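So that you can see what the record holds, here are the features copied from Swiss-Prot:
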- Cys108, Cys113, Cys138, Cys141: Zn(2+) binding site (BINDING)
Amino acid sequence: MKEELVVRRISDGTVIDHIPAGRALRVLKLLGITGERDGVVALVMNVPSKKLGKKDIVKIEGRELSKEEVDKISLIAPSATINIIRNFEVASKRRVELPRRVVGILRCLNPNCVTNAPREAVEPSFTLISESPLRMVCEYCGEYLREEDIIEQLSGV
């Protein structure tokens, strides 16, 4: 008997697929989805995947993600795909792409960096230097952020 995963289709919204296993809750937190006031959200974790071995999937009804939200997701789930659903059909499907530059989303770990000075109005800016493993560098002081640092900052863990 073939086993199937049954999750209700959404009429309009976003499906985030190919999230690395165990990171779906972080994606929800990143998007500010608590489940208390939001529409229908389906969360499936540790689903078998040919590409990843295991993966997570998030379905969000009634919401299309902004570019900034997709950029944030790419930093914690670089293998994810974003499917926009309209009238029960996939209107568009694309893989997330790591942004080459990130401004105002991450903070520098160097306490002496100008971006951490309370009297300076300087937004932290980072440049992508490696996709695998994920590493970014502060444009002001040269401090490196590793994938673990980025995930921790974006998910508040």
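From the backbone N, Cα and C atoms, a Cβ is placed for every residue, glycine too.
According to its DSSP assignment, Cys138 (Zn(2+) binding site) is in a strand.
The Zn(2+) site is set by Cys108, Cys113, Cys138, Cys141; from the centre of their CB atoms, other residues of the chain with a CB within 8 Å are Leu109, Asn110, Asn112, Val114, Thr115, Asn116, Pro124, Glu139, Tyr140, Gly142, Glu143. Cys138 (Zn(2+) binding site) is surrounded by 22 other CB atoms, counting those within 10 A of its CB over all protein chains shown. When the binding-site residues Cys108, Cys113, Cys141 are scored by other C-beta atoms within 10 Å, Cys108 scores highest. A coil conformation is recorded for Cys113 (Zn(2+) binding site) in the three-state DSSP classification, outside any helix or strand. When secondary structure is read from DSSP and collapsed to three states, Cys108 (Zn(2+) binding site) falls in the coil class.
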